Amino acid sequence: MTVSPLHALTSRRSMKFLRAPAPKPDELDQILQAAMSAPDHGKLRPWRFALIRGAAIGRLADRALDAVKRSGDPRMTPEKEKSVRQWMSEVPLFVGLAQKIDHDNPKVPEQEQLLATGASVMNILNAVHMLGYGAFWSTGMGTYVEEVQEALGFDPLDYRFLGFLAIGTPACAMPEAVRPDYREFVTEWTGE
Ligand SMILES: Cc1cc2nc3c(=O)[nH]c(=O)nc-3n(C[C@H](O)[C@H](O)[C@H](O)COP(=O)(O)O)c2cc1C
C-alpha cells in the first residue's frame with residue numbers, strides 16, 4: 001500500500017511534553033529554512049525567530065515567570081509556576097516567534113504580514129514533524145507581557161510577539177489525532 005505524501009501533513013499533532021535531543025544543527029537549519037517558503041505578500045519577510053536553548057531556557061523561565069507574577073496574573077499560582085518550570089526544564093529548544101510590523105506599507109496591510117508569519121510557523125511545525133521530532137505552540141510564559149517581549153528583543157512598537165514553539169523529542173508515543181470532517185467547514189459557492 002502506498003502512503004500518500006499528504007500523510008506527512010495529516011499525521012502531525014502537537015506534542016507538549018518533549019525531551020532532548022533537539023533537532024541536530026543541520027536539521028534545525030532545514031527546519032528554519034522551511035519557514036522561508038511561506039507565502040509572503042510583497043516579500044516583506046515579516047517573520048522573526050529567537051532561538052532559546054541550554055542555560056538560556058532557565059533564564060527565560062526566571063524572567064518570564066517573574067514578569068507574569070508581577071503583572072498580577074491570578075492564574076500564576078505557586079503550583080502553576082512549579083509545573084511550568086518543570087515542563088520548561090525538560091524541553092531542549094524554544095523558539096520565540098514574532099512578526100516585524102511594517103506599519104505603513106501601502107500594499108500589504110498588517111494582517112497580511114501576520115498571516116505570512118503564521119504560515120512560516122506552520123512550515124516549522126510541519127518540518128519538525130517530518131524530521132521525526134515534536135513541537136508545541138504556546139502563548140503562555142508571558143507572551144502577552146510587554147516586559148517579556150522586550151527582554152527577547154521584540155519591542156512591542158515594532159514587533160507583534162506571537163508566543164513560543166517548544167521543540168524536541170516527544171516524551172511518549174501519541175495516537176494519531178482525531179480530526180473533524182472537512183465537509184463541516186466547506187461550502188460550494190456557485191454564484192447563482
Ligand atoms: C497561536 C497559538 C497559540 C497557542 N497557545 C497555546 C497555549 O498557550 N496553551 C495550549 O495549551 N495550547 C496552545 N495552542 C494550541 C496547541 O499549540 C495545539 O495546537 C493544540 O493543543 C492542538 O493540537 P494539534 O496542533 O495537534 O491540533 C496554541 C495554538 C496556536 C495556533
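Any Cβ shown, glycine's included, is placed from N, Cα and C.
The domain 'Nitroreductase' annotation in TrEMBL covers 10-168.
Neighbour density for Ser138 (FMN binding site): within 10 A of its CB lie 18 other CB atoms from the protein chains shown. DSSP classifies Ser138 (FMN binding site) as strand under the three-state reduction. The FMN binding site annotation in TrEMBL covers Arg12, Arg13, Ser14, His41, Trp137, Ser138, Thr139.
Model confidence over the domain 'Nitroreductase' (10-168) stands at 97, taken as the mean pLDDT rounded to a whole number. Close contacts with ligand 1, defined as a Cβ under 6 Å from any of its atoms, occur at Trp137, Ser138, Thr139 among the binding-site residues Arg12, His41, Trp137, Ser138, Thr139. Spatially close to His41 (FMN binding site) yet at least six residues away along the chain are Lys107, Val108, Glu112, Gln113, Ala116, judged by Cβ distances under 8 angstroms.
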